[in-house]
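Sequence annotations record features per position, and here TrEMBL assigns domain 'ABC transmembrane type-1' to 62-277. Among the features that TrEMBL reports, transmembrane segment is placed at 21-41, 61-88, 100-119, 151-172, 209-230, 258-277.
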Amino acid sequence: MAGYDSRTGGLLASTWIGYSLLFWFYPLAWLAVLSVTQWQFIGTPRFSGLQNLTGVVNDKLFWTSMWNICRFLMWYIPIVFAASLLFAAGLRRIKYGKGFIALSFLLANISSGVAYFIVFSKLFSEYGPVNQFLRAHFGISVPWFTNPDCAMLSIALIVTWKFVGYYGLILYSGMQAIPGDIYSAAILDKTGRFKQGWAITLPMMNPQIVMVMVLAITVAFSIFTEPYLITGGGPLNSTTSPMVVMYEAAFQNMKPTWAATMSIIVAGCSFVAIWLFRKLFEKNIEIV
């Protein structure tokens, strides 16, 4: 029996090990090899030392795309957090149909990029429903895709729509885990709703908030579909993302080794950003 359990455990572990070797460790090793070689999809890679790194460091478009990620985060983080928090709070108050509403919002997360590209292109076009509403009620028209700042805001809004349901459910689970006795004690102390949310709900949701923000930072460094399909990286490269630059370097300029070097830099910056965020904001919360 012990031998049978051992073989079963080994079989189950081998599946995970094989998956990790094939889809994680091998690609990472190949990435490291490409970053120090010259290769154009055919032939044998030739060692080139730091030549790729030097080229990427001097690539202005790549660093423009990295700055664009910083600009995107300044829009995306507050918008997606506020929207996800409102969604979680609203879901908590609903008594019936929670599952249907949650599923409806989650569908955005699995929608085809081409499908919502068509939808949002029409919505935010010059004569689309959004600008028609703004002209009718406020007398303004917003150049959503032709102004650099507005284009980045439009990308942030679209990505928020895509992930608000997913992040909202994470925050909702954090809200549900807070004991009701704490709120009862706060009510007895005549604590207002706003102060309850600020002093009780948000601090006790710290693990979920940090998780959502870490996921949001990860998404920011890996966005491709929205800037590539919706804005094409424009106007004036104001929405070009590192993923778009890597794609163009590898498949249009035939420089996969540059793309590999860029991906290592992006992964390193993403890791540092996540580490700093967790260092600054993550706290140990114990619910007794």
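Backbone N, Cα and C atoms are what each Cβ position is placed from, and that goes for glycine too.
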Selected stretch (most C-beta pairs under 8 A with the transmembrane segment (258-277)) from 21-41, 100-119, 209-230: 209-230
Close approaches to the transmembrane segment (209-230) from elsewhere in its chain (Cβ under 8 angstroms; 6 or more beyond its ends): 69, 72-73, 76-77, 80-81, 84, 113-114, 117, 120-121, 145, 154-155, 158-159, 163, 167, 170-171, 174, 202, 239-244, 247, 266, 269-270, 273-274, 277-278, 281-282
Tertiary contacts of the transmembrane segment (21-41), as residues 6+ beyond its ends and Cβ separation under 8 Å: 47-53, 254-257, 260-261, 263-264
